[in-house]
Amino acid sequence: MDLLFAKIICIGIFLVVTTFGCFIPHLMGLYKEKENEEKNKRVKNILSNLNCFGSGFIFSIIMFHLLPETIHIISDHGNIRIFNTSDSQMKILYIFFFVFIGFCMQLGLEYVLPVDTNICCVSNLDSKKKLEDTLSQHITKNASTTVNIEMQNIDNIDHIHEHSCEGVHTHDEKSIGKFLEILTLQSFFLTISLAIHSCIEGMIIGTSTDVNYVFISSFCILLHKWIAGVTVSLSLNSNNMNKTLKAILLLTFVFASPLGIVLGHMAKSAGQKVTCLINAVSIGTLLFIGCEILLNEIKQNISRKVRLCKWLSFCFSCLIAFALISFTTSMAPHTHGDIDTHVHVHHHDHDHDHGHNH
């Protein structure tokens, strides 16, 4: 199959899965109470194990494919220079520096940018809990055991807005207040940060040079993509935000991964140096996401048996990913154009010198 055609197929799949994830709350009627407690428990177990399974695939695609391949390309290509050096050891060190940049960037998006809590992983976990809670017959609007971060933010915003407008009723200040209200909404930062994260994930697919790895990487990312769509949908629907702005934010999130695939494919033509640096930043981002999802699942106040099941889901997905990557590599090993060209030129020069001597 043609590489470009494979990426186009993945773009279509991402659009469908992401859109479906955003509509899951509406399709399942999650804003209403349900009375089937057994169904609630089953959904809870499926969501938890699916999160652990997805984090295992994320971890595996980093450790067994992206990181080794990036290091291999950088170390074997003497013509690639990073920060004006062609030394292999220094270039590998710089690659890990860009991994560190990606890790810190995702850390900032989750723990520095938000108002109250981190965005991607814990919000996904909160959304998962919200999905579970709304399916339970014992849910009440003001349950004391559940902390509704979004509504708490709105109450704080309303209080700040009322306090700031005491004695002042000018049109300009009201407009500024509405603008600040939007910026301080947790859901606004949540959607933007998840869109950035999705775009970076898409770049990994876009920079791939092998059809098999395009589909493997897509499968790895799609395993947790739907829950991100649920997160965005639940968050936006819990705020009194303008419908136009909601639509813009939803479309931004839905088209983020396809945009990343397109940008990654364009960057691939810029050379292997750019591809390796993009992959390094993506590795740092995915490493943070994969570990954070797993830790948030396992550290919950649950029994040892449930923890064991989640750990086994993680390990099982890692083994599946390792088997897929090993099989793909053995069936269609990578060939790097620059190395082959260098060997061909060297061989041609050697034959030319040999003929000249005779």
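Even glycines carry a Cβ here, placed using N, Cα and C.
Relative to the membrane, Asn45 and Lys310 occupy the same side according to Swiss-Prot. Scored by C-beta pairs under 8 angstroms, the transmembrane segment (92-112) has its highest count with 274-294, from the stretches 187-207, 214-234, 274-294, 311-331. When each of 8-28, 54-74, 214-234 is scored by its Cβ pairs under 8 Å to the transmembrane segment (311-331), the top-ranked stretch turns out to be 54-74.
Here the listed stretches are 8-28, 187-207, 247-267, 274-294, and the one with the most C-beta pairs under 8 angstroms to the transmembrane segment (214-234) is 8-28. Listed as Cβ neighbours of the transmembrane segment (274-294) (distance under 8 Å, sequence separation of 6 or more from its ends, same chain) are residues 51-52, 54-56, 58-59, 61-62, 66-67, 69-70, 73-74, 80, 82, 95-96, 98-107, 110, 118, 120-122, 124-125, 197, 200-201, 203-204, 207, 224, 264, 267-268, 310, 314.
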